[in-house]
Structures are given as C-alpha cells and as structure tokens.
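Structure record follows, encoded as structure tokens.
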Amino acid sequence: MGTRKKVHAFVRVKPTDDFAHEMIRYGDDKRSIDIHLKKDIRRGVVNNQQIDWSFKLDGVLHDASQDLVYETVAKDVVSQALNGYNGTIMCYGQTGAGKTYTMMGATENYKHRGILPRALQQVFRMIEERPTHAITVRVSYLEIYNESLFDLLSTLPYVGPSVTPMTIVENPQGVFIKGLSVHLTSQEEDAFSLLFEGETNRIIASHTMNKNSSRSHCIFTIYLEAHSRTLSEEKYITSKINLVDLAGSERLGKSGSEGRVLKEATYINKSLSFLEQAIIALGDQKRDHIPFRQCKLTHALKDSLGGNCNMVLVTNIYGEAAQLEETLSSLRFASRMKLVTTEPAINEKYDAERMVKNLEKELALLKQELAIHDSLTNRTFVTYEAMDEIQIAEINSQVRRYLEGTLDEIDIINLRQIKEVFNQFRVVLSQQEQEVESTLRRKYTLIDRNDFAAISAVQKAGLVDVDGHLVGEPEGQNFGLGVAPFSTKPGKKAKSKKIFKEPLRPDTPPSKPVAFEEFKNERGSEINRIFKENKSILNERRIRASETTQRINAIKREIDVTKEALDFQKSLREKQGEYENKGLMIIDEEEFLLILKLKDLKKQYRSEYQDLRDLRAEIQYCQHLVDQCRHRLLMEFDIWYNESFVIPEDMQMALKPGGSIRPGMVPVNRIVSLGEDDQDKFSQLQQRVLPEGPDSISFYNAKVKTEQKHNYLKTMMGLQQAHRK
C-alpha cells in the first residue's frame, strides 16, 4: 500500500484593476493569504463580528501566467501518472473567477492554453522519451448537467447516442461510468481533436457575472497503460488522470439568473454543497460514513476524493472587495480540502500472455532437470511428454482386454499413463452406451416424454395410446415420423424468381426510408452485403455462446452433485473409521472415482469457460465490425441522398448528364458555401505563430479541423431545414 499524503490546495487570484489591497494580503512565503474586513458600525457598540481570517495553503498564484500555473499545479501529477499513480486536478470557485480559463485556457491562442491541453501535450512528450515501453492513451469526456450524465464525445460519427442512460457503477477495481465512450488516441493531434469536440458540446449560458458561464461539471479523463517492451517482464502499469472543471458557485441575486439559468444554478449550488459535505466528512477522522452518493458529482469522484490518487485543488477567487464574501467561502473550502488525505499507490497488473510464455520456459527447464535426475536413478525409460496416438491406442487396447478378462493387470509407469487409463475407461463406456442406444433406435421408435408435440403426432398416427404406451409394431418394420416440406415433394421443383426493379428518379425527393431501400439495392449494395454477412456471423457467434453457456451451467450442476456425493462418502468414511497405511490415508474405490470425476468435470468446466471467453471476444469484435458497416452505410447514403436530392436547383443543370460536373466529383460542402477561406486563415496562422511556438502545430491543426467539421454540420442542418420548407 502507498503512504498517505495530504491533498495539495492552491489559490489563483483573478487579475483586476480594482484589487482590494487593504483587505487581501499575501504572506512573504506566497503560501498564505490574510483577509481583513472593516467592522460594520450598524451593529452598534457591542460588536463581536470577526474581521480577520488567515488561510495557509500550498501556494498563492497572483498575476501568474498559464505556464507558471501548470508548472506549479499539474506537472508533477502528470509525470507521476506515467509511473502508475492516478491523479486528479480540480478547479473550484465562484462563477466568473477563472476556473475554465485555468483548466482549458483560451483555445484561440496557443500560449494561453490551460492545464488540460498542456497535460495532453506532456503525456505524449513523455511517451516519446520512453522508448523502452509501449504506452497506450485513451480519453473520455463526461458532463454532469442538472444531475444527469452526458457523454460530450457521443456526437462523433462512430459513437452515436446511447440507447440506455449512463450510470455510475462501483466494482472492486473502483468507480466507472457505464455507457461513457472511451477513445483510443495515438497522436497528440487526435487527442486535441477529441478535446475540442467535447468543448463545443458543453453547456454554457450568459448572466451578469460571466458571459460564457459553464452550466455543468465536466470531467476529462486520460487513461494510460504502459507495457515494457521486454517480453520477460510480466507486470504492466495502468493509471488515469481526472481533470475536473466544476461549474461556478453563485449567489442568485448577484448573477441575476432567471428561468432555465435559475434552475441550472439551483442544481449547481446543490451539488457543490454536497461536495463540501463530503469534504468535511473526509477531513473528520472520526467519521465512518462518507456521503458520496448524495449527488452524481461526488459519486463519480469517489475514487479521487480521499482515494488512490494524487489530488490537487485549484481554487479561483476574485481580488475585489465586492466579492469578498464569496472569496471567503472559496478559501474555507480550500482549507477543508487540505485536511483530506489520499493514499496513492502504483496500479500494477499482470499480462496473462507473457506469464504463460515465462511459465512455458520454466517448465522446459524443469523437464530438463527431471531428465537428468531420471538418468542418475536409472529411470531413463520414463517419459514426461504428452502421449502420441500410438501410445493412446495401446492403452485403449489394454483397457478393452482388461474389461474382457484377457489381461490380468495393466502395468503402471507414471502419472500421465494413469490419467490416460482412466480416460480410456470413460471412452470405452461412452462407446458402449452409444452402441446400446443405436440398437434400441433400430428396433424401437424413441419418443421424449416431455415432447408433447411428438406424442400428439404419434397418437394421431395410432402408434401410442393416451398414456404414451406403444400400441403395435409390424414385425421387421420400423416407423419413421415427420412431415416433409412442400418444396421437397416429388415431381415438383422449386423455382427461383428474380425480380429486378428499375431505378426510379422522381421529380420530388422521396422520403429517406424509401430512398434508403433504393440505395441498398443499387449504389450501396456491396457495403449492404458485407453488413449482412457480418451480422450473420455475429448472430452465429451469439448462438454458439448461448449453447456454451448452457453446457457450462450443466457441468456446474454436475460438479455440485459430485461434490455432495464426495462429501457424503467422506462423512461415511469418518463414521466408519479411517484407515492409514504408512502415513497414507486409504479410501475406497467409489470415493476415488468421485475424486477423479470431479477433477475431470473441473477440467471440462475450465475448457468450456475458456471457449466462452474466446467467443465473447469474437462477439465484441464482430459487433464492432457490424457497427462500422452500419455507420459507413448510413454515411454513404447521406452523401448519395444529398447529391441526388438536396443540391440547390441552380446547380442541378451542371450535375445532369452532359453537364460539366458529375455527382460525387464535388462534395456538397463545396457546392454550398462553408467559408472556403478557413484554410487560408490557418495557413496565415501557421506562418505567424509556428516560428514562436514550434510545438503548437498539433494544437492548431486539431482546432481548425474541429471548427471546419462543425461549420459543415451547421450548414447541412440549415440546408435540410430549407429543403423541408
């Protein structure tokens, strides 16, 4: 286990021209902040009003640049994450105090980027510096709005909206959000694209305190997994970094919230109040119960608040006298957070595949040592390798002769041979059972008493009475029951008819469902065929998984029955008195056979369970292929439909046969104006900014691509609305 450590709490003061110097003072060590209030003379002569407060923190950031804030607050947390330690960085404070600027920064300017984009950049820089490890990066973006969970990356075309609402789930490994999409990213630019995609989906509103106030709590999580490139190393580490941007606490009178914004503010203040209650409970060593489940925010952050991670709080405050009351409240929260302790520990796991390979090497060495030992004790005739088909056939022959009485005993060589002897006993027994059943089927018509349909059919045929007893059977004849399908009747051959539909192009655009069926039979026929094949394979794997599950359940029931019988035999032996010979417990043959049967059943159970795990992995992969095909089919249909029916009338002449433009040559987003100068703006931006910040190319690339994508989507939506009118 890791050592316990306090949560680090920092204060960042928003720059202002109206700073209250006489009321707010900083300590020389830049770790303390003192608040002084003037006494309210309206309270009279006897006035016990508190006018002085002092707060001791880990740092006070006043007029600090974004670079200094990141170096002070987040750099160590991110660097330790690649060593296997979870980390959480949380921004808290009053509405408009600069939380989102501290966490996200100004995305238009690379120099003013916040903690989150800098953390992504640091992660990929550190990965480049560790060539000895293969490190994978995944990200997710969660929003908590009005006590509901939303996936900010669900707008990506390959994700789509979830049918079931997201829920917070706890298991022995921790807390996770069921239904939240997690995205693999191998490049810095891809990670920035996901970040900007989520930012465009956040919910904001305007009021007197802030024109773009965040109306929700957002948690951006970076998941890391590092495997050593040395194959002999079985351990690997996992970690995650939670970057939390809380919605601002606010007084409704100051913010002037009304209507929907008022409802949002109520939910925000309620969740922040529950967060403060959880922090107070965590800081009290005598408290056993921590109220994490009071709201979605504290429940989702259960692992971070006093859990297994390095945690840092950045409290954003105003430096103005008018906001001093809210500033005191925020500083009290920061001081309470410093009382909370966490227990960071490295998250280590074992790679099963590498463990198997290392065990195989060790097994080979042990076999060599055993061979040397056997040669020294004149046991060179003993082998420890798996038996081949000739040896198994010889043992089968010995078992049959032993059962027939032509062989008095079977010579025992080693443990592997003993196991194979018992296995061949089971094979012979199974073959005999099949021979008996085959003989009965040749002579009698066998009907399952639980198959009521079959019993009804043979009753109508006059073969059995109402009690299910056989009525009569002509000598030397057998009855065959069944109904032949109409297509197999003699004298008739099935005729296959193919219907070809000529493509229709009506003057008025067809409805999308009708057009989709036409598209699947024409332009999208190939991808539709692949989609159906993948879906067929997926259904077949699901059926096999269901059958395997039924077999596993049956084996489990048989294991339980065998255990009960074995327990009964043991208790019977204990009552009758146990017998030992040379220190070894002597058991009867029935108990010995039960032990072997139980061992064999467990082996079958493990084998079937492994098959089920493999099938589940195949099902997951097939489902991914089906989803990809479905997305591609829908995407190509949208392109085809837009080119065929949505293009404005003044462009239709150019797209007709003989025209200068063919459908598909020019995308709809170029026929409809999307602001073609975006690329020119980006080129100018590169020429101006990149010489000053060479590392900013991924940041600006992702920003421009995200803006172009959302401009395109807005234009398409406007086009569809105009088309409906």
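Positions of Cβ are set from backbone N, Cα and C atoms, glycine also.
Other C-beta atoms found within 10 angstroms of the C-beta of K99 (ATP binding site) number 26, with every protein chain shown included. If you look up TrEMBL, you'll see G93, Q94, T95, G96, A97, G98, K99, T100 marked as ATP binding site.
The coiled coil annotation in TrEMBL covers 349-376.
If you look up TrEMBL, you'll see 6-340 marked as domain 'Kinesin motor'.
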For G93 (ATP binding site): intrachain residues, at least 6 apart, with Cβ closer than 8 Å: K99, L246, G248, S249, T315, N316, I317, S330
Reported mean pLDDT - the coiled coil (349-376): 80
